[in-house]
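Database features (TrEMBL):
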- B:6-30: transmembrane segment (TRANSMEM)
- B:51-75: transmembrane segment (TRANSMEM)
- B:87-108: transmembrane segment (TRANSMEM)
- B:140-161: transmembrane segment (TRANSMEM)
- B:173-192: transmembrane segment (TRANSMEM)
- B:204-226: transmembrane segment (TRANSMEM)
- B:280-300: transmembrane segment (TRANSMEM)
- B:323-379: region 'Disordered' (REGION)
- B:364-379: compositional bias 'Low complexity' (COMPBIAS)
């Protein structure tokens, strides 16, 4: 029996209605000076003059209200990563997709009904601002948790850079970086700090909510001397799966159960090893192995450190506790991710040779103001890479990774089923060869597609809105590795409400908030933001002219050689005779 | 496998040219012997053997030095230059260009080569008062002359090859050397048999054209190497073959036709012959055009100056011109029975620069314009 996410959410809400609360956070986004890795003090983005920003803690059924004041010198916006935002697309957060960003000095309130539970995080979705520190765990407790445990800790992993993100972005997206090498972080953090300790009481069972809030890094997580049982992945409870280590890419989350030992003689190291395969090069002074400490007894010594092999781990083998069968897809999209130098001579990312460029009007406002034309992908602009899907259709995406790097792909507004993995590039004109044989495939919202492999994912389009699908390596999102799903545009006006505060914010920034991607009516896309295209690799006019001149110069040169070598006897004799005759005449004249 | 992995075209041409000149020397000397020594067969055979011996020894010694030089060069040089390979490749390319250009243009004066040799022979054999020549030397003149000259030509070739060999795979050298040598010997044999009826002039003009095309291509390749080095430093590229280029100066960048690909086929031949590349910049195109401009200008100036000099000396009424010779300036049509030194409006020493009207020809007399023959005919 198929239980849709939405009906589950409604049921859950009904069940918790009695305890539902409005949980308000007042976030004044400010600059702070901090030194979280102990190596370098720098300006970071914090909340209420604090760094790291505080975690958000909620219970299923609550309504989350965040009153944001932007005290920065640049625009900002907040995306609650993993929250479905059912009927609430206008508060999803990505700038120029569902809203204009919040202007410096401006304020904006996010109101989000919470219809799910698990481990999530909230981060800036304006350019790459979250890399400068604006990110925090967002924990939603179930009223009745599936699994029993005594206490819980949040373990938020992240890579850390010393330079400002804007400076690094300018160097990353530059003609002098034709290989597209991403900036390498200087260190790694746990809970945006270092030397973090977690107290364990013997015999108790702890839930560790492991989140990866990185810009780039993938971590391998393991705890010396302790086994781990995975119980939740990206907000989906799963059947207990025992592992000794597991990989976690940027934006993914896992909850694990760890049972404390029965004695307090030793403390143990918690390992979060950054995977060097993600980095273009590994500097000598980069400490890849980030550690925290499980403390049984402050006075105890550390147990010997285990340098374990990282286990290979296929998250497709996880079994959700609440089953959801898959279905034959109504539409299949094959998206091939690749990187190359485009005709702006900057190494950019493409899906099917199109690089993502922000439209002039946020895509949601285009959908809400274009009437019947909102179902025509043209109005969203070619370079927003719009993919229109109909309400309640089953959608399958096969993501082909045609790049030597590994990429974690994230879909806003949904979890998706992982229905197959394969090698190489899948050709959509052929049947997909490697579906999993299961009636309850693993579900999550961020999936790793390793280099030169593909992954098939499915979801039901039951959530009208504009949902971004993109690589969650922040550099790659800025380089354009994104598409926009236009989900059920025909239904949006009846389901979504965009209040005036949204449009006022656009006005404050001088950004148009009606019309197509160029801010015009109808299908007139003159003035739309255009992206670079792939290089043609053919001659341009300049090239042909240059080639012609080189050929002419060679031909003239060769002609000169032939002339030079030609001893024109007759000519020289004639010259000499002429000279002789002239000399004779002069002599006679004298 | 690309053609130039197994056959280095520049080396082929250099060897070919040097062996051809050596062959010319041998054929001239042998013809001279058969013309002059008509009665004494034994002496003729003995002197012929001297010619062969001198030439052969000269070639052997040159080859030995050459081979040794190339081996040592490749062993040490290629490893030393790895770090800034682009700059070294660029520098050596330009040096090679200079040598090939000068040599190629000099080759055009080969018409005078035979006459020069005949003149030298005349001096060596008949001049009782020749400076510095002892009886012994004169007796072995026919051995020493070819030996010294071939040695000099050979060492010249070695230096030229050193300039281009950095670019060549070691396994491309033997085939090119053998082919060049064989072809050169073939030409020499043809000259000997066919006498002076051989039309060598178009042949030498053609090979010079080819050599200069190669040199022009080398200019572009050398400049490209400098550019690549600089761009790789700017972009922090790990390897030289990053395949990227500076877009600010780029003129064309083709997806196809890359001579560096393993399946490049004719494109890599084009790269060896004319310096073709699928990526070109203002610098490479500009330097290519500039090379032709400079070389053409040099040749035009050189020839017009020579023509003026010829006219000037004609109007100064040198005795030789008054003798009734019709001022023939080419030795091309000399017939076999008279080694009459022919007036050369200037005779260039191989590898030397042309253009001076007064020059020391190394045999103790000052030659200028048409003076060479004057000195010869007086002896």
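Cβ coordinates come from backbone N, Cα and C, glycine included.
Any TrEMBL annotation is an automated prediction that lacks curation.
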Close approaches to the transmembrane segment (B:204-226) from elsewhere in its chain (Cβ under 8 angstroms; 6 or more beyond its ends): 9-10, 13, 16-17, 85-87, 89-94, 96-97, 100-101, 103-105, 107-108, 110-111, 164, 167, 271-277, 279-281, 283-285, 287-288, 290-292, 295
Stretch contact, the transmembrane segment (B:6-30) with the transmembrane segment (B:280-300), Cβ-Cβ under 8 Å, 3+ pairs: no
Interface present between the transmembrane segment (B:280-300) and the transmembrane segment (B:87-108) (three or more C-beta pairs under 8 A): yes
Chain residues in Cβ proximity to the transmembrane segment (B:280-300) (below 8 Å; excluding those fewer than six residues from its ends, i.e. six or more beyond): 97, 101, 105, 212, 215-217, 219-221, 223-224, 226-227, 245-246, 249-253
Residues of the parent chain within Cβ reach of the transmembrane segment (B:51-75), under 8 Å, 6 or more residues beyond its termini: 19, 22, 25-26, 29-30, 33, 142-151, 153-155, 157-158, 161-162, 165-166, 170, 173
